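Let me begin by presenting the structure, written as structure tokens, before commenting on it.
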Amino acid sequence: MEVKNCCMVTEFILLGIPHTEGLEMTLFVLFLPFYACTLLGNVSILVAVMSSARLHTPMYFFLGNLSVFDMGFSSVTCPKMLLYLMGLSRLISYKDCVCQLFFFHFLGSIECFLFTVMAYDRFTAICYPLRYTVIMNPRICVALAVGTWLLGCIHSSILTSLTFTLPYCGPNEVDHFFCDIPALLPLACADTSLAQRVSFTNVGLISLVCFLLILLSYTRITISILSICTTEGRRRAFSTCSAHLIAILCAYGPIITVYLQPTPNLMLGTVVQILMNLAGPMLNPLIYTLRNKEVKTALKTILHRTGHVPES
């Protein structure tokens, strides 16, 4: 194969959100509160989990991990997007582009793994309540959390290395608001079929396996809940799991829409990814706190201690 005789790309230009010319300041004003609420909401949950002894349980340990993930995931793409919406440079260096793609898929895959672990935690708590503290002991919880981060690192390393071992000789205009595989591969001046197949298979396989494990866990959970004699017991068990199920639906919809389409729709993918990067991480704190009395009580206690809310 003949390679073009030109300099390799050292920086990329992010073209941004398609068909939004002239709306940059409006979008900045719209998106900034989303990002601020994401950081505030997830920091609040993390502080509540760390400061309240009642929340030092496996379920809240994993919820704290999810909060760290949400802040990181949103921060991979949102600051750069907000800066160019303000009128600053759309340039991103080659190294920063590599880092952005790596951490986007690193943190994105962790969400899938973490939701699977959280489903297993709920399965153990509801189906084996007497053995729950033994099965989900602190050592196991830490091992499961570390495992999600290691698997995410392996997954993202494969996708990043396949994408950036390809030569990029120009053009350097990325038709997206951040560096992602579907937007970068068309710019490569070499055969991208291997990278396309592996990324499709890798993302698809991880999503499918995690989804099937979650489905299996919640099938067993549903059977166990229906066998509970009292209505109050069934209501409490369903209430515990409903927030997790809502968060899972919010996470898997964008993955299927963006990465598992045979012929990706750029505009649809952009809209869905904006929602995934901004709305998803912001909604998770609301989903878990609005339906959780223990978290709300812990947050109120913190506000009482700091003097922001008077004692009732």
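Placed from the backbone N, Cα and C atoms, the Cβ positions cover glycine too.
Automatic, uncurated: that is what TrEMBL annotation is.
According to TrEMBL, the protein carries these features:
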type	residues	note
DOMAIN	41-288	domain 'G-protein coupled receptors family 1 profile'
TRANSMEM	25-48	transmembrane segment
TRANSMEM	60-82	transmembrane segment
TRANSMEM	102-120	transmembrane segment
TRANSMEM	140-158	transmembrane segment
TRANSMEM	203-229	transmembrane segment
TRANSMEM	241-260	transmembrane segment
TRANSMEM	266-290	transmembrane segment
Can the transmembrane segment (25-48) be said to touch the transmembrane segment (266-290) if we require at least 3 CB pairs below 8 Å and skip pairs under 6 apart in sequence?
yes
Considering pairs 6 or more residues apart, do the transmembrane segment (60-82) and the transmembrane segment (266-290) have at least three CB pairs under 8 Å?
yes
Average pLDDT across the domain 'G-protein coupled receptors family 1 profile' (41-288)?
85
